[in-house]
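Lifted from TrEMBL, the feature list:
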BINDING   112, 132, 133, 134, 135, 136, 137  S-adenosyl-L-methionine binding site
COMPBIAS  217-228  compositional bias 'Basic and acidic residues'
DOMAIN    4-218  domain 'tRNA methyltransferase TRMD/TRM10-type'
REGION    217-237  region 'Disordered'
């Protein structure tokens, strides 16, 4: 199976160099399940200042990132869909998106900065827009890094216990049950007895119930469904 190719188009490639070389992203790469390509948007400019932004038409505060560097960067990559623009206008990224991307051959993430990105990038280059939620970040880089982590942890070799990813919160669209480890009691706070019982059926029932209870308590989450492991149908010529 060919590795997932992750392309990140940004004016700050150094933002990713440390995180992608650590922990799960690094293990996935070492296992041959993913390769990363960091593309400096300024390498696709044609003026001596390597300008990627300009004043907005119609006036107003802030600077807008120009369309040409994004188009030229993606064309130089020869990237195929999905091509994702990180944007507050985008649909909220979910675990279902992470699974979908993990099953693909290639993923390209476009990181905006400054006040905005020229709308022609969203309309005529990106295949979709995604957001992490209703809050403001300094740019698309933190959101892109979060998406990369969510995706590559699902790939073979990323986690020492690969099956544990299938029990995570949101894998079945709901939250997972609380977790406990040693000691069985700490400062008067005890681990639920059922987890110490050795009765695997009761433990499974407790975890399912607690997950449902926590999901119902959390605003904005859909009703959980039974999760399935992702298919590994990725192919790359």
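Here the Cβ of each residue, glycine as well, is placed from N, Cα and C on the backbone.
Where the annotation comes from TrEMBL, it is an automatic prediction and has not been curated.
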Quick one: give me the count of other CB atoms within 10 A of the CB of residue 112 (S-adenosyl-L-methionine binding site).
28
Around the C-beta of residue 133 (S-adenosyl-L-methionine binding site), how many further C-beta atoms are within 10 angstroms, looking at every protein chain?
10
DSSP secondary structure for residue 135 (S-adenosyl-L-methionine binding site), reduced to helix/strand/coil, please.
coil
Binding-site residues compared (132, 136, 137) - the one with the fewest other Cβ atoms within 10 Å:
136
How far apart, in Å, are the two Cα atoms that lie farthest from each other among 112, 132, 133, 134, 135, 136, 137, the residues recorded as binding S-adenosyl-L-methionine?
16
Summarise the model confidence on the domain 'tRNA methyltransferase TRMD/TRM10-type' (4-218) as a single mean pLDDT, whole number.
94
Are there residues of the same chain, six or more positions away from residue 134 (S-adenosyl-L-methionine binding site), whose CB falls under 8 angstroms from its CB, and which are they?
88
Within 10 Å of the Cβ of residue 135 (S-adenosyl-L-methionine binding site), how many other Cβ atoms are there?
7
